[in-house]
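*Asks:* Here it is, the structure in full.
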Amino acid sequence: MDSTTHGPRTHVPGRLFIGLMSGTSMDGADGVLVRLDGPRPEVLASASLPMPAALRDELFALNHAGANELERAALAANGLARLYARAVRQLLDQAGLQPGDVAAIGAHGQTVRHRPDLGYTLQLNAPALLAELAGIDVVADFRSRDVAAGGQGAPLVPPFHAALFAGGQARAVLNLGGIANVTLLEPGRPPRGFDTGPANVLLDAWCQRHTGQPYDADGRFAAQGQVLADLLEHLIASEPWFALAPPKSTGRDLFNLDWLLARLQAFDGPAPQPQDVQATLQRLTARTVANAIDASAAAPRDVLVCGGGARNPGLMRELAYCLQRPVRPTDDAGVPAQWVEALAFAWLAQACLDRIPAGLPTVTGARAARVLGALYPA
């Protein structure tokens, strides 16, 4: 991909967008090429590229204050743009299309700071470089406009969840990335949504520390242990964030390995075995999701799950146990769980180009709905 790919768009039936997402887990970049002018998104191509180890290490480091952050951040942003550009090329090759066939790319970037309480959120990205490499208009920086309007800037996917999954009965849509967030869909009410707490961010960090594996495949490490009820209660009671009322959001700024180690050190019970901690963390995710849904008084009939956690059968069983209602992946509703977030950012890019406000005050607490994103023409 280079500047030779720039040029007038050819005619392709429908309006095509690309959505790119790299989440809190920092394990890779997901991309979808999608047609958005029908009643439901039509995925034409999908790709998931692993995060290069050196780039992942830099992004992890940038989640904590340190020296020379500005240059490191700029270089990491360029590296992420090149990874995104590879994903775009792969999507176009799969679909047999050219850059001119695509209206825009919605590129989320990589969150390295999320402090709406201080009036900012920072997603590392180099959208100008991505536009240059891809030869396609790029929409980026989706969260800042909502924060400027007094909102949390997260979660942003509830209006997309509503467009896809709302029906005649109350339903919850749960995204299990690094952080868990839930969308509550109730007939006759605007969607509500908020973060519920850690999901894969703690599970991955603990698994990496004790097994050397980047994540707990199929929940096998957790299955070797047992849930420690006293430790679970300690983890919940020691963190004031869990008791906050929505709107609320969080991220790796709060929930990280240091957070967990500090609480394990303060735990007054016997030193737990690593596999028992993993099992307890899995229950922590499910329990805090259930607590948040119960506190909302939404009473969803079922829960649709998307994100990487939907592929963890152990975590899905814990959710069913804690929620006491049907829990199933969004695949069962016709939308692959792995691609929901990338699809959402394609949808948000379309909303930005059409100047349609996509932020929901009932979700983020913003003063009003705003058009989200900034445009970087190719």
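Glycine is treated like the rest: Cβ placed from N, Cα and C.
Relevant sequence annotations retrieved from Swiss-Prot are reproduced here:
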type: BINDING; residues: Gly23, Thr24, Ser25, Met26, Asp27, Gly28, Ala29, Asp30; note: ATP binding site
*Asks:* Please list, in sequence order, the residues in the chain of Ser25 (ATP binding site) that are at least six apart in sequence and whose C-beta is under 8 Å away from its C-beta.
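*Replies:* In sequence order, Gly177, Gly178, Asn200, Val201, Asp204, Tyr215, Gly308 meet the Cβ cut-off.
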*Asks:* Determine, for the ATP site, the additional residues of the same chain whose CB lies within 8 Å of the mean position of the CB atoms of Gly23, Thr24, Ser25, Met26, Asp27, Gly28, Ala29, Asp30; present them in sequence order.
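*Replies:* Result: Met21, Ser22, Met51, Gly177, Gly178, Gly308.
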*Asks:* Who sits close to Asp30 (ATP binding site): which same-chain residues at least 6 apart have their Cβ under 8 Å from its Cβ?
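*Replies:* Listed in sequence order, they are Leu20, Met21, Ser22, Gly23, Ser46, Ala47, Ser48, Ala87, Gln338, Trp339, Glu341, Ala342.
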*Asks:* Return the single residue from the binding-site residues list (Gly23, Gly28) that has the minimum number of other CB atoms within 10 Å.
*Replies:* Gly28
*Asks:* Going along the chain, which residues six or more apart from Thr24 (ATP binding site) have their CB under 8 A from its CB?
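*Replies:* Result: Thr111, Gly177, Gly178, Ile179, Asn200, Val201, Gly251, Arg252.
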*Asks:* Same chain only, sequence gap of 6 or more: which residues have a CB within under 8 Å of the CB of Ala29 (ATP binding site)?
*Replies:* Leu20, Met21, Ser22, Ser48, Leu49, Met51, Leu80, Leu83, Tyr84, Ala87
*Asks:* Determine the most Cβ-crowded residue among the binding-site residues Met26, Asp27, using a 10 Å radius around each Cβ and all protein chains in the structure.
*Replies:* Met26
